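Here's what Swiss-Prot has on this protein:
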CARBOHYD  46  N-linked glycosylation site
CARBOHYD  53  N-linked glycosylation site
CARBOHYD  58  N-linked glycosylation site
CARBOHYD  69  N-linked glycosylation site
CARBOHYD  141  N-linked glycosylation site
CARBOHYD  156  N-linked glycosylation site
CARBOHYD  213  N-linked glycosylation site
CARBOHYD  217  N-linked glycosylation site
CARBOHYD  230  N-linked glycosylation site
CARBOHYD  273  N-linked glycosylation site
SITE      334  site 'Transition state stabilizer'
ACT_SITE  335  active site, proton donor
DISULFID  349-369  disulfide bond
CARBOHYD  368  N-linked glycosylation site
CARBOHYD  473  N-linked glycosylation site
């Protein structure tokens with residue numbers, strides 16, 4: 001039996017057992033009300049949380065058992081899983097809290113469940129390279145059996161969350177209302193944050209200063225993050241003065257509402273060189289990893305300088321909900337930005353890469369950004385995006401609006417030697433749209449690339465709408481069932497800032513132009 005077959009059977013078994021248990025106490029009652037279905041979902045999620053906690057405990061036990069026998073990448077994979085399972089418990093607990101509120105926002109609940117599914121898949125991704133790893137597979141049979149059982153438990157958890165996501169569809173009135181059109185920042189960017197984004201740096205209005213020359217509170221960014229308060233409900237601003245900071249930065253989940261302000265792209269630079277080739281998982285390779293919600297970055301560069309031969313080497317990994325990046329650059333080659341999960345927004349940013357250089361399963365909008373393809377390795381294809389939506393009910397995807405898809409200076413002289421594509425489907429329901437953007441002539445007339453064989457060609461959603469430039473001609477685009485020539489503003493608008501990242505309430509106009517809708 002294949003792993004996929006086991007996954008399907010486990011999913012169906014769980015759903016049947018769960019429903020029979022719940023319905024046994026309501027034999028004569030029809031579950032038609034919102035409250036009934038909500039209680040079904042809450043019961044399912046509570047059981048899933050118990051399963052996640054058990055899996056986390058088993059992962060810890062196995063890690064202790066294997067200890068020094070593990071390769072560095074396998075150690076990273078275990079660390080990834082323990083962190084991601086902890087995040088999953090948090091996401092599911094938050095989802096339950098929102099469901100039980102007086103006016104649950106089901107779009108946000110779906111985002112949380114989507115993030116939980118992404119977490120389990122990311123955990124599995126970390127072990128993908130371990131199938132042939134002697135340190136893991138050539139341990140005693142009992143240990144190997146436990147490892148395989150843990151992998152199966154992750155499939156099971158993801159399946160349970162998927163079932164809950166399906167049940168949400170049956171709650172009456174779950175369809176979000178019409179979005180109000182306005183101009184401004186998203187509702188989760190407050191008035192004071194808006195001023196911080198617009199105005200020059202005033203050191204009297206920041207909480208901490210990082211400076212390599214000793215003129216600030218700290219000389220490293222890591223020290224400043226450690227000094228920031230936990231679970232802050234107000235903005236905590238860290239001004240990072242001009243300089244190159246060779247650090248791998250992790251902003252943990254408890255460090256909320258952090259804001260980085262630099263002195264400009266190329267002037268304030270955070271850089272490191274972890275990579276898959278050097279024994280790191282893609283998740284752990286990030287120069288900067290952000291988990292704490294409400295993160296904002298302005299006027300700085302995130303760089304992974306591992307190089308094109310090192311494979312996955314992430315500059316930024318963000319699972320920060322309601323995070324925003326303004327006038328920043330992100331520079332690497334393969335897997336530059338890992339838009340891992342939750343809702344994110346990028347404005348006037350420059351992104352440099354070669355292969356899948358924007359990837360992940362967040363709900364993310366790139367507006368007025370420039371995507372630069374760099375010179376890849378010989379015979380390598382250039383792919384701008386690889387979106388990771390694995391369930392048709394996930395509200396996730398990559399939306400690129402009013403942006404520029406270009407060749408970087410190092411590619412321009414030799415771009416005729418390489419083929420470039422807008423994206424390829426990393427997962428079954430991959431979803432990416434490009435709207436009102438300039439697409440240069442480096443993009444192949446087909447536009448999009450297969451992942452492998454016919455995988456996801458019928459289930460993906462790749463859309464283009466009112467683009468311009470020599471690469472925007474759709475005459476010879478792929479003929480896949482999932483490719484869409486978006487023809488109406490109604491269809492296109494669902495991927496605009498308002499509906500797509502839940503920006504249904506906005507602030508008034510600001511000095512930074514920001515269009516809510518198309």
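One-based numbering along the chain as shown.
Glycine too: its Cβ is placed from the backbone N, Cα and C atoms.
Distribution of Swiss-Prot features across the structure.
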residue: 46; record: N-linked glycosylation site; contacts (Cβ under 8 Å, 6+ apart): 96
residue: 53; record: N-linked glycosylation site; contacts (Cβ under 8 Å, 6+ apart): 89
residue: 213; record: N-linked glycosylation site; contacts (Cβ under 8 Å, 6+ apart): 241, 243
residue: 230; record: N-linked glycosylation site; contacts (Cβ under 8 Å, 6+ apart): 254, 255, 256
residue: 273; record: N-linked glycosylation site; contacts (Cβ under 8 Å, 6+ apart): 304, 305, 306, 307, 310, 313
residue: 349; record: disulfide bond; contacts (Cβ under 8 Å, 6+ apart): 325, 326, 327, 328, 329, 330, 366, 369, 370
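Separation of the C-alpha atoms of residue 156 (N-linked glycosylation site) and residue 217 (N-linked glycosylation site): 47 Å, rounded to the nearest whole number. Here the candidates are the recorded positions 69, 217, 334, 335, 473. The one whose C-alpha lies nearest to that of residue 58 (N-linked glycosylation site) is 69. A straight line from the CA of residue 368 (N-linked glycosylation site) to the CA of residue 334 (site 'Transition state stabilizer') spans 22 Å. Put plainly, the recorded positions 156, 217, 334, 368, 473 were compared by Cβ crowding within 10 Å, and the winner is 334. Cβ-based neighbour count (10 Å, all protein chains) for residue 58 (N-linked glycosylation site) stands at 15. Look at residue 334 (site 'Transition state stabilizer'): DSSP puts it in a strand. The Cβ of residue 369 (disulfide bond) has 23 other Cβ atoms within 10 Å, all protein chains considered. The number of other CB atoms found within 10 A of the CB of residue 69 (N-linked glycosylation site), across every protein chain shown, is 13. Just so you know, the Cβ of the residue listed as 'active site, proton donor' picks up 27 other Cβ atoms within 10 Å once every protein chain is counted.
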